[in-house]
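Data block below; observations after.
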């Protein structure tokens with residue numbers, strides 16, 4: 001558990017390096033912090049958007065067709081996706097759903113049977129890549145919204161332990177933080193080869 005947590009923190013540090021440098025560069029050197037008479041305010045809650053497809057790579061997706069009534073994710077934590085495509089493709093194209101027109105819009109049917117759908121799957125679980133290690137890459141995603149699958153259809157289905165967040169219409173490239181390749185022999189991320197996405201745009 002300690003090793004897993006350490007690797008997760010290391011990957012996050014690698015992928016966040018550019019953001020840290022940008023923040024440092026924006027701070028005037030030698031500037032003293034202004035005194036504050038009032039206590040510091042708490043950090044703002046995760047931004048919420050009326051547009052349920054704000055993250056979508058394909059805006060043609062029709063959320064009104066989604067059944068059952070979806071429970072939308074309202075948190076801002078990092079999500080993860082195992083994928084066989086390398087960053088040279090994903091960083092340029094983002095993640096596109098297989099079929100936003102005629103695919104399976106019913107969330108439960110989509111989850112239980114692998115079939116063309118308007119969704120792109122991600123997970124709350126960083127370590128899920130160890131199950132799908134043959135895919136080769138573990139992508140880090142920072143996108144608004146998405147459907148919390150277990151809260152939508154319950155957590156007793158056979159794939160509940162994947163703690164999935166499904167994105168209707170996929171995920172635009174600007175919401176992908178970066179990627180770590182996976183060693184298929186050891187089922188671990190190759191930390192020295194993690195890459196940050198140059199198109200990533202922090203939004204909160």
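Every residue, even glycine, has its Cβ placed from backbone N, Cα and C.
Not measured: the values here are computed from a predicted model.
Marked as signal peptide by Swiss-Prot: 1-42.
Annotation source Swiss-Prot lists disulfide bond at 46-76 (among others), citing experimental evidence. There are 12 other Cβ atoms within 10 Å of the Cβ belonging to residue 46 (disulfide bond).
In three-state terms derived from DSSP, residue 82 (NADH binding site) belongs to an extended strand segment. The Cβ of residue 82 (NADH binding site) lies under 8 Å from the Cβ of 128, 129, 131, 132, 133, 135, 137, 138, 139, 182, each of these being in the same chain and 6 or more residues away along the sequence. Residues or ranges marked as NADH binding site in Swiss-Prot: 81, 82, 83, 84, 85, 98.
According to Swiss-Prot, the GDP binding site annotation covers 111, 112, 113, 114, 132, 133, 134, 159, 162. Around the Cβ of residue 134 (GDP binding site), the number of neighbouring Cβ atoms within 10 Å comes to 10.
With a threshold of 8 Å between CB atoms, the same-chain residues lying at least 6 positions outside the motif 'PN (phosphate-nicotinamide) loop' (132-136) that come near it are 82-84, 86, 181-182, 184, 187. Among the features that Swiss-Prot reports, motif 'PN (phosphate-nicotinamide) loop' is placed at 132-136, with the record citing a curator's inference.
For 180-194 (among others), the entry in Swiss-Prot reads disulfide bond. All protein chains considered, the CB of residue 194 (disulfide bond) has 21 other CB atoms within 10 Å.
Listed in sequence order, 149, 153, 157, 159, 164, 166 are the same-chain residues at least 6 apart in sequence whose CB falls under 8 Å from the CB of residue 111 (GDP binding site).
Note on the motif 'PN (phosphate-nicotinamide) loop' (132-136): DSSP counts are 3 helix, 0 strand, 2 coil.
Mapped onto three states, the DSSP output places residue 194 (disulfide bond) in coil.
DSSP assigns residue 180 (disulfide bond) to a strand segment in the three-state reduction.
In this entry, NADH is bound by 81, 82, 83, 84, 85, 98, whose most widely separated C-alpha atoms sit 16 angstrom apart. DSSP gives residue 46 (disulfide bond) a coil state; it is part of no helix or strand.
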